[in-house]
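To start, the structure under review is shown below, and the notes come after it.
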Amino acid sequence: MQGRISLPTLCHFLLPWAFTTFHRALGDSAPHPGPHYLLPPIHEVIHSRRGATTTLPCVLGAPPPSYKVRWSKVEPGELQETPILITNGLHARGYGPLGGRARMRRGHRLDASLVIAGVRLEDEGRYRCELINGIEDESVALTLRLEGVVFPYQPSRGRYQFNYYEAKQACEEQDGRLATYAQLYQAWTEGLDWCNAGWLLEGSVRYPVLTARAPCGGPGRPGIRSYGPRDRKRDRYDAFCFTSELSGQVFFVPGRLTLSEAHAACRRRGAVVAKVGHLYAAWKFSGLDQCDGGWLADGSVRFPITTPRPRCGGLPDPGVRSFGFPRPQQAAYGTYCYSE
């Protein structure tokens with residue numbers, strides 16, 4: 001009979017509708033295939049070192065008719081993104097201090113990768129490549145991770161003197177920046193064991209423990225002990241700083257020098273007295289091993305040990321040993337100099 005729909009035909013039309021309704025009733029959205037222009041990155045973490053030129057990959061599988069690509073940096077501990085560069089595929093414009101060192105790679109017509117020249121400590125972190133075409137925006141996230149070393153730091157006045165902002169400034173004055181939790185965790189896995197709590201970049205206060213003991217939080221499992229979030233202006237702790245490879249070199253000048261004589265000795269050699277971050281970086285990346293205490297720019301006396309041995313610090317593990325902050329007029333030590 002004309003006008004009548006057969007059962008197979010009716011099922012053909014109703015089954016897709018029934019499945020869609022069923023999925024929506026369960027809270028599942030129905031499949032909605034749409035254009036996906038950005039290819040997922042092969043590696044989401046990009047490793048680099050200070051001073052290097054690094055590429056953060058972002059590639060289009062196919063170009064939309066009209067689009068822009070915006071690169072931004074996700075600031076740690078803050079709900080904001082800092083713009084770096086915007087391009088329409090032909091022209092690009094940089095923003096902020098990083099924008100002056102950033103450019104598009106342009107390896108081919110679908111390449112939206114970001115190149116950062118002269119990588120700095122503050123460049124480490126999370127980045128977003130966002131494609132904007134006015135219909136369905138997409139983005140991929142990448143993490144730039146620097147190879148480096150974490151060192152605990154306190155001033156000559158003693159422990160627990162810094163609020164968050166003072167700790168941040170202290171690290172920068174010693175050729176570093178406040179370490180992130182991920183950097184502290186990595187340092188802990190590499191042997192950092194330290195009882196004093198210190199500020200981290202995210203605003204939390206923590207300390208790494210390899211051997212649980214009474215003066216260091218009591219018994220328990222090894223790990224990163226946490227004080228949780230603290231008042232950044234009122235609460236006071238030490239700092240955990242992070243630094244990376246140097247462009248220059250650190251060298252030792254022997255003698256029995258006061259701090260002022262140490263500065264003069266370095267100047268005569270076309271150098272300056274090394275900062276704490278300089279010494280840690282030279283120990284970590286250049287294998288500096290010197291069993292002699294030397295002045296540093298902050299007035300402390302330290303020495304780096306790569307191969308532990310008797311009468312050379314008394315500890316079984318490699319590291320940077322400290323004599324604390326002697327009187328600046330005490331003529332008893334050499335000095336560590338830094339030259340570019």
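Glycine too: its Cβ is placed from the backbone N, Cα and C atoms.
Automatic, uncurated: that is what TrEMBL annotation is.
Marked as signal peptide by TrEMBL: 1-27.
Taken from TrEMBL, the feature domain 'Ig-like' covers 35-143. The DSSP breakdown of the domain 'Ig-like' (35-143) into helical (H, G, I), extended (E, B) and coil residues amounts to 7 helix, 48 strand, 54 coil.
Feature annotation from TrEMBL assigns domain 'Link' to 149-243 (among others). Helix, strand and coil content of the domain 'Link' (149-243), in residues and according to DSSP, is 22 helix, 30 strand, 43 coil.
Residues annotated as disulfide bond in TrEMBL: CYS195-CYS216 (among others). For CYS195 (disulfide bond), the same-chain residues 6+ apart in sequence whose C-beta sits under 8 angstroms from its C-beta are TYR207, VAL209, PRO215, CYS216, GLY217.
According to TrEMBL, the feature domain 'Link' maps to 246-339 (among others).
Marked as disulfide bond by TrEMBL: CYS291-CYS312 (among others).
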Among CYS216, CYS291, CYS312, which are disulfide-bonded residues, the residue with the most C-beta atoms within 10 angstroms of its C-beta: CYS216
Per-residue pLDDT averaged over the domain 'Link' (246-339), given as an integer: 96
